[in-house]
Amino acid sequence: MSRLKAASELALLVIILQLLQWPGSEASFGRDACSEMSIDGLCQCAPIMSEYEIICPANAENPTFRLTIQPKDYVQIMCNLTDTTDYQQLPKKLRIGEVDRVQMRRCMLPGHTPIASILDYLGIVSPTTLIFESDNLGMNITRQHLDRLHGLKRFRFTTRRLTHIPANLLTDMRNLSHLELRANIEEMPSHLFDDLENLESIEFGSNKLRQMPRGIFGKMPKLKQLNLWSNQLHNLTKHDFEGATSVLGIDIHDNGIEQLPHDVFAHLTNVTDINLSANLFRSLPQGLFDHNKHLNEVRLMNNRVPLATLPSRLFANQPELQILRLRAELQSLPGDLFEHSTQITNISLGDNLLKTLPATLLEHQVNLLSLDLSNNRLTHLPDSLFAHTTNLTDLRLEDNLLTGISGDIFSNLGNLVTLVMSRNRLRTIDSRAFVSTNGLRHLHLDHNDIDLQQPLLDIMLQTQINSPFGYMHGLLTLNLRNNSIIFVYNDWKNTMLQLRELDLSYNNISSLGYEDLAFLSQNRLHVNMTHNKIRRIALPEDVHLGEGYNNNLVHVDLNDNPLVCDCTILWFIQLVRGVHKPQYSRQFKLRTDRLVCSQPNVLEGTPVRQIEPQTLICPLDFSDDPRERKCPRGCNCHVRTYDKALVINCHSGNLTHVPRLPNLHKNMQLMELHLENNTLLRLPSANTPGYESVTSLHLAGNNLTSIDVDQLPTNLTHLDISWNHLQMLNATVLGFLNRTMKWRSVKLSGNPWMCDCTAKPLLLFTQDNFERIGDRNEMMCVNAEMPTRMVELSTNDICPAEKGVFIALAVVIALTGLLAGFTAALYYKFQTEIKIWLYAHNLLLWFVTEEDLDKDKKFDAFISYSHKDQSFIEDYLVPQLEHGPQKFQLCVHERDWLVGGHIPENIMRSVADSRRTIIVLSQNFIKSEWARLEFRAAHRSALNEGRSRIIVIIYSDIGDVEKLDEELKAYLKMNTYLKWGDPWFWDKLRFALPHRRPVGNIGNGALIKTALKGSTDDKLELIKPSPVTPPLTTPPAEATKNPLVAQLNGVTPHQAIMIANGKNGLTNLYTPNGKSHGNGHINGAFIINTNAKQSDV
């Protein structure tokens, strides 16, 4: 082992010798040096922010050395050594340069080699501070280890395994000014500091010293700070500090000292700061500081045993004393404790057991700025306690047992800035308690039992007076959290113009109005009203912002209150929802994210942000006394402020007549009467008192069989008469409803409506007012073969022509037939003309011409379209048809309808007056209620006449046909149609419209005819391409001999057989003059071959 040790020391010596041969350099370590070291490969260097980190050996998970270098500032060497030979792994040729501080952590002492050799090896130049911290020294420290560290100013040596140090340890460190040794040292050598005449601070804390050698501090004339804390110096005497007259601060806390001699600090004549904390004092001697007239601060904190009191005049006559910190479970203090120490500025007596204070305690503290009496057991303070502390700015009295604040206690504290009296038992505050504290900025009175009420004043008067704080106009913070306050006082709003924070949380405030939130503070004010008992927040609809208003928002937190969500909070709800008057948004910003309703039951737990304003109601009556109630018996009456309505709810009350109703208050605008599910047979007169004010009448589920207009209140705007026994409504009632009802304000379903001619006014009303009738689609006719929805009917459906008309027509036809037979012989030579006349009277339909049938119609075509497709009508369809090669007369509702007429009547009239109806089918048409009604009218007209009169133009993509209206879907599946964009569009459209052509003569006059009825359908058939190949078989039809046709065309009757659809049954040709033709004229009428292509016509 001895040989191994010698070899190690020899190796280190070789390294040192090599190091001593290197030229010195003052260049600081930089990025280039770091890069070169990484290239070398023995160690790894990396820049980290403004530092460099070196790891040796390179890439090791647990490196032996980790160096952190801040050039020109510090070097930290972190060691992980198992033996002193590991120092050989330090990076070679490293030149760190000048640094101020070197710290070596967890490193071993380098054998018998100086620590300075390691610094030299690393190229560290001129350090002034060395910190050596390690619990693994490897050996005891000696003078040799500190050799060549003459330039050090500060040396800190920390270890836990060193109990003794040599007397000459510090002999070579003559320039040392600050020394710190923490090493569990049990004994201090008497000559340890003999050569340290420049030493200014000694830190020997956290050792195990039991005594100090006499005169050990006598050779250090510059010593200022002596820290001997956390040792075992139980028996200090004045001789321990002999020669230490230059010491200014001494710290002997945590030494287990139980008592001190009265003259222990006699030699410390210049001391300014003494720390006696954390000892075991049960008493202190009188005159302890009599020799220390330069005292500035004394600390006696956390005494380990109770120290009941302090000796009289302990801190008296200290001309420079400023700070006292006394926390030792003190129970009482002498009145002359600080006598004539007039420069004291800070006294901390918090966390003691004081119950009261002598009135003269602060008699001479005219310069006192801060006084801490918190966390004691004070129940009372003398009114004269602060009589002389006129410069006091900070007073802390929290966590005591004080019950009141008198009118004089703070009368001389005009400079007080902060007063904290939290967590006491305060109940009363004299109204003049803060008259003189007009400089107060922060007042904390939270967690007390303050209610601020004046017992001799009426409750209403108390809301109009100021609180005791009204004199503090410059107050910034007023903390009244967790008290018993029930009002927001006027002075908080109107006179505290600098207020920034008002905490009223956890109090007993039960209601708020606009005036309670109208703060005039010129700062951004935060008001905390959470956890009160606020049930009502009433804001007016309109407010006037006076001259005192400023633009600063008041932030009010209203969360966690038991709010009653009734009609009184309407404008508050509007403000929360953002639907508010502008003046509110400029004044308040409310926090309500946790505010929910506590009542009524239906809204319990609902966040106010989700409340709908129309659900907010209040009872009309607040008394249960029948003599005082205005609400009808068996009914519930509420006021709804949202629309200023009185709601009377008498539903399911087994009523047989409308009860007597209260008169509508002048502030109310509406009366809503609910009488659903009763047994009413009739309604009262509209002039009945109370009933005359009803604006919304709900009568569903009664037994009404009729309603007269004089039973409907004049101002009625909503009427629900569904599920009664009504069969009809007369025209006067419908006229009234037409004048007064609003959107979806009428309900008529569930009644057994009779859909006959008497129901025509009702049907027209439902068609004209489909937006007003909320249940229009559920109105059913009961007199049909099966229940039919009224919305699907037209006036022609419910009111067909009189039977008498048909009887008269039959009689006329019969008479006409008799007359024709009677005169047949007389007018034999005119038999052709007579047959034509009979044919014109529906006796010979194949000779009936279209123009003859439609000669009384004003228009060639009625155009049905959605108003959203109007550009197509105006820009294309109308110009092409009215001004094209064949000019047609069109009916367009924008131009040709009668002004003021019913829409359904205009539709029926337009269809009846037009030879064709053109349907411009699009998505807009499908969505249009009126457009679908126009189609339905045209379709039914065509069905009644047995003729095809509808031309469908598909203008745009209509989607899935299966999703269309049933009637329209069926029509499109069974009939042909045109598509906009077809190359033959205009030719096909003009061909499908009525034709007028000049033709031959009959008899003595010219007879102009259009195609036969059969050809009308054939023209429409040409809208879609015809099959290329004709059908292989002729459709079955009833063959009819037409002698008239035969005679007119020069053939025998049996040669001219016509099929009912207008086709020639023999050859599909007609042969005038013995020639066969595919098309031609018969009797002056143009006949079209229905199997011909369009190009053949």
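Residue positions begin at 1 at the first shown residue.
For all residues, glycine too, the Cβ spot is worked out from N, Cα and C.
A simple way to gauge crowding: the CB of Cys45 (disulfide bond) has 24 other CB atoms within 10 angstroms, across all the protein chains here. The annotation disulfide bond is assigned in Swiss-Prot to Cys34-Cys45 (among others) on the grounds of a large-scale study or a structure entry.
Positions annotated as disulfide bond by Swiss-Prot: Cys43-Cys56 (among others). Residues near Cys43 (disulfide bond) in space but far in sequence (CB under 8 A, at least 6 apart, same chain), listed by position: Met37, Ile54, Ile55, Cys56, Pro57, Ala58, Pro91.
What Swiss-Prot records for Cys79-Cys107 (among others) is disulfide bond, and it gives a large-scale study or a structure entry as the kind of evidence. In this structure, Cys107 (disulfide bond) belongs to neither helix nor strand by DSSP; it is coil.
Here Swiss-Prot flags Cys565-Cys597 (among others) as disulfide bond. Here the Cβ of Cys597 (disulfide bond) has 23 other Cβ atoms within 10 Å, regardless of which shown protein chain they belong to. The DSSP secondary structure for Cys597 (disulfide bond) is strand.
What Swiss-Prot records for Cys567-Cys618 (among others) is disulfide bond. Within 10 Å of the C-beta of Cys567 (disulfide bond) there are 19 other C-beta atoms, taking all protein chains into account. Secondary structure at Cys567 (disulfide bond), taken from DSSP and collapsed to helix, strand or coil, is helix.
Look at Swiss-Prot and you will find Cys631-Cys637 (among others) tagged as disulfide bond. Cβ-based neighbour count (10 Å, all protein chains) for Cys637 (disulfide bond) stands at 20.
Around the Cβ of Cys650 (disulfide bond), 24 further Cβ atoms fall within 10 Å across all displayed protein chains. According to Swiss-Prot, the disulfide bond annotation covers Cys635-Cys650 (among others).
Per Swiss-Prot, the feature disulfide bond maps to Cys755-Cys781 (among others); the stated evidence is a large-scale study or a structure entry. The 10 Å shell around the Cβ of Cys781 (disulfide bond) contains 21 further Cβ atoms across the protein chains shown. In the three-state DSSP assignment, the secondary structure recorded for Cys781 (disulfide bond) is strand.
Same-chain residues at least 6 positions away in sequence with a Cβ under 8 Å from that of Cys799 (disulfide bond) are, in sequence order, Asp756, Cys757, Lys760. The disulfide bond annotation in Swiss-Prot covers Cys757-Cys799 (among others).
The domain 'LRRCT 1' annotation in Swiss-Prot covers 561-620.
For the domain 'TIR' (857-993), the predicted model reports an average pLDDT of 81. Annotated domain 'TIR' per Swiss-Prot: 857-993, in sequence order.
In sequence order, Asn62, Pro63, Thr64, Phe65, Arg66, Arg106 are the residues near Asn80 (N-linked glycosylation site), counting only same-chain partners six or more apart with C-beta under 8 A. Taken residue by residue with DSSP, Asn80 (N-linked glycosylation site) is part of neither helix nor strand, so it is coil. Annotation comment: Swiss-Prot describes Asn80 (among others) as N-linked glycosylation site.
Around Asn140 (N-linked glycosylation site), the same-chain residues at least 6 positions away in sequence with a Cβ under 8 Å from its Cβ are Leu162, His164. Annotation comment: Swiss-Prot describes Asn140 (among others) as N-linked glycosylation site.
Residues or ranges marked as N-linked glycosylation site in Swiss-Prot: Asn270 (among others). Asn270 (N-linked glycosylation site) has a Cβ environment of 14 other Cβ atoms inside 10 Å. In three-state terms derived from DSSP, Asn270 (N-linked glycosylation site) belongs to neither a helical nor a strand segment and is classed as coil.
The N-linked glycosylation site annotation in Swiss-Prot covers Asn275 (among others), and the record cites sequence analysis as its basis. Reduced to three states, the DSSP call for Asn275 (N-linked glycosylation site) is strand. A C-beta separation below 8 Å, combined with a sequence spacing of at least six in one chain, links Asn275 (N-linked glycosylation site) to Trp229, Ile250, Asp251, Ile252, His253, Arg299.
Taken from Swiss-Prot, the feature N-linked glycosylation site applies to Asn346 (among others). Residue environment of Asn346 (N-linked glycosylation site) contains 15 other Cβ atoms, counted within 10 Å of its Cβ in all protein chains.
If one looks beyond the repeat 'LRR 7' (320-340) by at least 6 residues along the same chain, the residues whose Cβ comes under 8 Å of a Cβ in the stretch are 272, 281, 293-303, 306-314, 346-355, 357-365. Classification of Cys637 (disulfide bond) by DSSP places it within a strand. Cα-Cα distance from Cys567 (disulfide bond) to Cys650 (disulfide bond): 20 Å (rounded to the nearest whole number). Cα of Cys565 (disulfide bond) to Cα of Cys755 (disulfide bond): a distance of 48 Å. For Cys107 (disulfide bond), the nearest of the recorded positions by C-alpha distance turns out to be Asn346; the candidates were Asn346, Cys635, Cys781. For Asn677 (N-linked glycosylation site), the count of additional Cβ atoms within 10 Å of its Cβ stands at 16 [all protein chains shown]. Taking Cys631, Asn703, Asn738 as the recorded positions under consideration, the smallest Cα distance to Cys597 (disulfide bond) is found for Cys631. Between the C-alpha atoms of Cys45 (disulfide bond) and Asn703 (N-linked glycosylation site), the distance comes to 100 Å. Look at Asn346 (N-linked glycosylation site): DSSP puts it in a strand. Within 10 Å of the C-beta atom of Asn730 (N-linked glycosylation site) sit 15 other C-beta atoms, taking all shown protein chains into account.
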